[in-house]
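Colleague: Submitted below is the structure of interest, expressed as structure tokens.
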Amino acid sequence: MDRRIYGGSAVIHLFLFFFFLISSTASSALPKNTNLSSGSGQINSNSVLVALLDSRYTELAELVEKALLLQTLEDAVGLHNITIFAPRNEALERDLDPEFKRFLLQPGNLKSLQTLLMFHIIPNRVGSDQWPSEESGRVKHHTLGNDQVHLSNGNGKKMVDLAEIIRPDDLTRPDGLIHGIERLLIPRSVQEDFNRRRSLQSISAVLPEGAPEVDPRTNRLKKPTAPVPAGSPPALPIQSAMAPGPSLAPAPAPGPGGKHHHFDGEAQVKDFIHTLLHYGGYNEMADILVNLTSLATEMGRLVSEGYVLTVLAPNDEAMAKLTTDQLSEPGAPEQIVYYHIIPEYQTEESMYNSVRRFGKVKFDTLRFPHKVAAKEADGSVKFGDGERSAYLFDPDIYTDGRISVQGIDGVLFPQEEEIVESVKIPVKKVVQPRRGRLLEVACSMLGAFGKDTYLSKCR
């Protein structure tokens, strides 16, 4: 019986030994996570993400929230330490291209915004003391977006790609740290996507297929015409597209750059008007397009239908010379602006080459049937003749392949044909008494017979 007791105690001791051995092995195999996130998935107040949202980098924090990346970053912090390269606010407010910022904030470009932000985060902790030396050269690190950034050290400056570290170890937390950098890091994929959206190939308008036509003689559908190649100009002239009333203008041409797969002409018109305001000196022209008339809406509709426009924009000094009588007549502002819009896509180079080659060139305008004349003068392009002329003053203010804006230093008016009316001067005529028909016959007969005496009486 004693042997059974001792034998049983030995088995129990052996069982306890293996239990502690297995438990210690399992605990050592578990990953050591140093972050302070709770088991419920919520980030602790001492996390680097909370530090980012409450830091001086408010612009970056706002972009992170708009990109819906908080949950992704919480998951990343739960797995490992992270290093965030945070651009200063000025780099995102004033130094960033406004057009590129609009591109990032568009809902359809959410993927590009997420890729851009994750390009600023690497999934490991790299402090300033761990930065590569000048002798070691550039060191490659993978980002959360599966891209690569290079850390380097040269001339006493710590660099990440082309951005300088201006605040090393600015915010340090147990689960990560933040370095302040001077500029935004842009991955190649986002830059290529932005350039692709701006290229003319991706925004070329496609002519839509018209409604089926019925032959009035046979009362049957006409045979469909050959398909129109992509990017062809609209079939209808722009005069027909501007005609008032429903169903007279073609439907919006489909294209990859706009809403519902249509070319977004309204957005392009807004873009060039904003460019005029930011450029400076063309506020009056923008005010006429937006406030005094509905021309901005009409131009957006024309561009959506596949037409191209060139705007000759008079500067504020030229617009200030307009008199009240010139603007007070009904429809006068519209007629003035119509004469400054050419239904072609012209740049400074194309217009200058035309006037140099052909001398005097006349361009069609939206004020039919008037045309604006252009010729070379003083190494530039001069529009109009005489006192109502203007020079190309600010070339290529806005060019996007569909709308071209050229600044001029005067307001143009059509050259009206002078109608010279003949002035009738009253002339006094001596009215002689009309002879009778019988007397005339008698005088002629006397002349035939040589009766000079009676002939003198007839006279």
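Glycine too: its Cβ is placed from the backbone N, Cα and C atoms.
Please treat TrEMBL annotations as automatic predictions, because they have not gone through curation.
In case it helps, TrEMBL gives these features for our protein:
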type	residues	note
SIGNAL	1-29	signal peptide
DOMAIN	44-185	domain 'FAS1'
REGION	207-263	region 'Disordered'
COMPBIAS	226-236	compositional bias 'Pro residues'
DOMAIN	269-412	domain 'FAS1'
Colleague: Within the domain 'FAS1' (44-185), how many residues are helix, strand or coil going by DSSP?
Modeller: 53 helix, 40 strand, 49 coil
Colleague: Mean pLDDT across the domain 'FAS1' (269-412), rounded to an integer, is what?
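Modeller: That region's mean pLDDT is 90.
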Colleague: By DSSP, how many residues in the domain 'FAS1' (269-412) are helix, how many strand, and how many coil?
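Modeller: Helix, strand, coil within the domain 'FAS1' (269-412): 61 helix, 40 strand, 43 coil.
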